[in-house]
């Protein structure tokens with residue numbers, strides 16, 4: 001039976017990977033859990049505990065080989081290959097994501113953006129042209145699509161998800177403020193939670 005990995009651990013893996021990337025670019029060959037922890041503002045014991053879910057890493061007294069650990073995390077996270085992404089919803093959030101070049105650098109390649117509003121169809125967003133949602137079947141026939149970003153109104157979200165699941169999408173990043181009914185992996189994003197967390201820290205003078 002596969003070990004269940006807590007969600008906070010999964011989120012921190014991406015932070016570790018980004019940190020190691022920067023360390024490698026700085027020419028640092030070996031790194032200790034303490035070094036990673038200090039850069040991320042967490043405890044070194046947390047770094048070691050998180051990594052232990054996936055096996056043994058590093059050598060006592062030497063630390064981790066930066067490049068080797070980065071490669072291992074690439075395999076674990078799944079960023080050792082490119083993922084094709086589409087965006088559903090060409091409003092402010094959807095347009096910003098489709099136009100964000102940082103995703104491509106992290107191996108998430110946005111290849112299409114769709115909307116049901118015909119007034120938005122044909123608009124150019126970055127290097128993409130907005131297509132009508134009715135064209136999505138044909139798009140899936142011609143392209144391999146693995147991840148969808150959902151940036152649609154709450155009342156349209158479930159209908160869109162049902163269609164995407166029918167087409168064989170593998171995962172969804174959901175910006176709609178609704179719990180989706182689906183059997184595929186979903187990552188819900190609510191930016192208001194970050195603001196609430198920040199206001200909590202400000203009120204209590206927490207770093």
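In case you wondered, yes, glycine gets a Cβ from its N, Cα and C as well.
In Swiss-Prot, the DNA-binding region annotation falls on 15-54 of the listed ranges 15-54, 55-94. In sequence order, 87, 95, 96, 97, 115, 151, 152 are the residues of the same chain, not among 89, 90, 91, 92, 93, 94, whose CB sits within 8 A of the CB centroid for the NAD(+) site. Under the DSSP three-state reduction, residue 90 (NAD(+) binding site) is assigned to coil, being neither helix nor strand. A count of other CB atoms within 10 A of each Cβ picks out 94 as the most crowded of the binding-site residues 91, 94. With a cut-off of 8 Å between CB atoms and residues at least 6 apart in sequence, the same chain places 151, 175 near residue 93 (NAD(+) binding site), listed in sequence order.
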